[in-house]
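Written below as structure tokens is the structure these notes are about.
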Amino acid sequence: MSSGGRHRTLGGGGQQMLDYLKRMQAENPAFFYAFQGDNINIFWADETSRMNYNYFGDTVKLDMFYMMNNYKVPFAAFTGLNHHRQPVLFGCALLLNESDSTFVRLF
């Protein structure tokens, strides 16, 4: 990828997403989210995901889903396996800017 990367926008959906994440964090302080720039990249993890990461985060798998949503924005899912070899979710991200620096920050 080039350092410039591809830039996308969620339009009004970006503000709706941030409003939802703020509401979730207000309801549950263990809910975590972070965003970069003007809603360029968004990462979030709920309380269960964070707990799963603490217990089962020895190995983390990243799945990127492209063109699978209305906005054609890459969706990243951080997953692992629990002690029963069942998949568990550690966190998620929407990447509107696919630059090298974005992936460095994400990891």
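A Cβ is built for glycine as well, from the same backbone N, Cα and C atoms used for every other residue.
Keep in mind that this is a model prediction, so the values were computed, not measured.
The domain 'MULE transposase' annotation in TrEMBL covers 60-107. Per-residue pLDDT, averaged across the domain 'MULE transposase' (60-107), gives 82.
Taking H, G and I as helix, E and B as strand and the rest as coil, DSSP gives the domain 'MULE transposase' (60-107) the counts 7 helix, 22 strand, 19 coil.
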